[in-house]
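Noted in TrEMBL for the protein shown:
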type	residues	note
REGION	1-26	region 'Disordered'
DOMAIN	1-170	domain 'Kinesin motor'
BINDING	Gly5, Gln6, Thr7, Gly8, Ser9, Gly10, Lys11, Thr12	ATP binding site
Amino acid sequence: IFAYGQTGSGKTHTMVGKPDSDNQKGLIPRSLEQVFETKQFLQNQGWSYKMQVSMLEIYNETIRDLLSPSNSSGFDASRPENGGKQYAIKHDANGNTHVSDLTIVDVHCYSQVSKLFGLAAESRSVGKTHMNQQSSRSHFVFTLRISGVNENTEQQVQGVLNLIDLAGSE
């Protein structure tokens, strides 16, 4: 799912909202709540799941790993991005797209993902535009990978959810 539009049109609010406010949560926290509720429900039917998240931003055509332990808050033109680490977009034989060396974190509950999401949000690059005093000038990509196995039927499933908040289109 992509949020696309002009700066100030509500893309980030639609995707993120106010995660601590039940009636103002965005698409990302609502989606995660639903996934974890469904995971809990399906455990009674023999399903077990492994879930992993990654978060990155693309700023000035540079990929930044927002979950990297070496990542500091926000963009600073005086520091080398990613500590000099270069990330590359790769495609595997199955047609899947990956970013090389991106931090991927195993997650088990909504609160864990919520904390990671908060840390990533603090690291996003922001800057003033004529439309918005605190505009994110980057594309934000949140990825949730899910793999499940039903112990009763031995059925296996996999899925990927990408939720993307694009920078302003102007």
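Each residue, glycine too, has its Cβ placed from N, Cα and C.
Neighbour count (other Cβ atoms within 10 Å of the Cβ, all protein chains): 12 for Gln6 (ATP binding site). Annotation: Thr12 carries the greatest number of neighbouring Cβ atoms among the binding-site residues Thr7, Ser9, Thr12 [cut-off 10 Å, Cβ to Cβ]. If you take every residue in the domain 'Kinesin motor' (1-170) and average the pLDDT, you get 85. Long-range Cβ contacts of Gly5 (ATP binding site) within its own chain (separation 6+, distance under 8 Å): Lys11, Leu166, Gly168, Ser169.
In this structure, Lys11 (ATP binding site) is part of a helix by DSSP. Within 10 Å of the Cβ of Gly10 (ATP binding site) there are 12 other Cβ atoms, across all protein chains.
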